[in-house]
Amino acid sequence: MGSQSCFKALIICLIALIGSTQAQLQLGFYAKSCPKAEKIILKYVVEHIRNAPSLAAALIRMHFHDCFVNGCDGSVLVDSTPGNQAEKDSIPNLTLRGFGFIDAIKRLVEAECPGVVSCADILALTARDSIHATGGPYWNVPTGRRDGLISRAADPLRSLPAPFHNLTTQLTLFGNVGLDANDLVLLVGAHTIGVAHCSSIATRLYNFTGKGDTDPTLDSEYAKNIKTFKCKNINDNTIIEMDPGSRDTFDLGFYKQVVKRRGLFQSDAEFLTSPITRSIIDRQLQSTQGFFEEFAKSIEKMGRINVKLGTEGEIRKHCARVNN
């Protein structure tokens, strides 16, 4: 009897193993179960992003924040409840926006195919389509992600790179999710269409070493300009462009700022401290097309971080809350 129980348990384990190895992301995952899904998402993005092009940066940032915390599982979209503070309300995520945009697309997709397309996939596809629709690179988005059941405010604090992190810390956090130095420099290149709040660079501008000083690695004239016209005091929380003059254009502008010592974040300046990351920037500056192609490879790679597949997680009916 004991041997029969062991045999049954072995069979169950083998079935589970086979199921887990067969489940994987694939292009056109919804071709049969919801063939119009990707067209619905693209149509909505194209029709609406033109009225709010800055949302492209917000959506790709949301995708990044989702993937780095417990994998690309849509957990960043979940609302807090009386019994749980979710990722959305974690300090690094308080400036995220675009949740309503994702919710609107989810409603359209649900109307077409109830309970089929995950919020995680909708976010990944929307991020890609919004960047491409505003003139940025295109990349493949294999689908089949499942939505996570857990969203905790403490997790982003441990997993997300911060504006004040040194290069070692950034490389460690990227390495934790299977990304390398090349991916780090490429993905941060999306700052070319990004904005920051003065609060994220206040210490760098006004109290870098605790003596009321400015970070010496930041170009002095640029720092003076920022303090005069943008971040006028240490408590200012004005929005500032990370690539002044072309914030709506996905181009090489951010890298050009960095090599001039005009990257806003301390984490950006850290790229100049290593010959490895500096050489990666120099390579991007040779060609916009080359940058687009390399960026596409890195962000597709990011989109595969710790995804939930097969029977893991669920397909949420509403992106802001788990089904139960």
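Yeah, the Cβs are placed from backbone N, Cα and C, and that goes for glycine too.
Taken from TrEMBL, the feature signal peptide covers 1-23. Look at TrEMBL and you will find 24-323 tagged as domain 'Plant heme peroxidase family profile'. The disulfide bond annotation in TrEMBL covers C34-C113, C67-C72, C119-C319, C198-C231. Here TrEMBL flags R61 as site 'Transition state stabilizer'. The active site, proton acceptor annotation in TrEMBL covers H65. TrEMBL lists D66, V69, G71, D73, S75, E87 with the feature Ca(2+) 1 binding site. Residues annotated as substrate binding site in TrEMBL: P161. Annotated heme b binding site per TrEMBL: H191, in sequence order. Marked as Ca(2+) 2 binding site by TrEMBL: T192, D243, D251.
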Review point. How many other Cβ atoms are found within 10 Å of the Cβ atom of D73 (Ca(2+) 1 binding site), counting all protein chains shown?
Key: 29
Practice item. Have a look at the recorded positions R61, S75, P161, C231, D251 and say which one has the shortest Cα distance to C34 (disulfide bond). Key: S75
**Study point:** recorded positions near G71 (Ca(2+) 1 binding site) (Cα-Cα within 10 Å), from P161, T192, C231, D243, D251
**Key:** none
Check your understanding: Inside 8 A of the center formed by the CB atoms of T192, D243, D251, which other residues of the chain have their CB, for the recorded Ca(2+) 2 site?
Key -> G189, H191, I193, S246, R247, T249, F250, L252, G253, F254, Y255
Practice item. Starting from each candidate's C-beta and looking 10 angstroms out, tell me which of the binding-site residues D66, E87, D243, D251 has the most other C-beta atoms. Key: D66
Practice item. Measuring Cα to Cα, tell me the gap between H191 (heme b binding site) and D243 (Ca(2+) 2 binding site) in whole angstrom. Key: 7
Check your understanding: Nearest to V69 (Ca(2+) 1 binding site) in three-dimensional space, by Cα, is which of the recorded positions C119, P161, C231?
Key -> P161
Check your understanding: Which of the binding-site residues E87, D243, D251 has its Cα closest in space to the Cα of C119 (disulfide bond)?
Key -> E87
Practice item. Other than D66, V69, G71, D73, S75, E87, which residues of the same chain sit close to Ca(2+) 1? List them in sequence order, counting a residue when its Cβ is within 8 Å of the Cβ centroid of the site. Key: H65, C67, F68, N70, C72, G74, V76, G148, S151, D155
Check your understanding: Based on Cα coordinates, which of the following recorded positions are within 10 Å of C319 (disulfide bond): H65, S75, E87, P161?
Key -> S75
Exercise for review: Measuring CB to CB from the residue listed as 'active site, proton acceptor', give everything in the same chain under 8 Å that is also at least six residues away in sequence.
Suggested key: V76, E87, P92, N93, L96, P156, L160
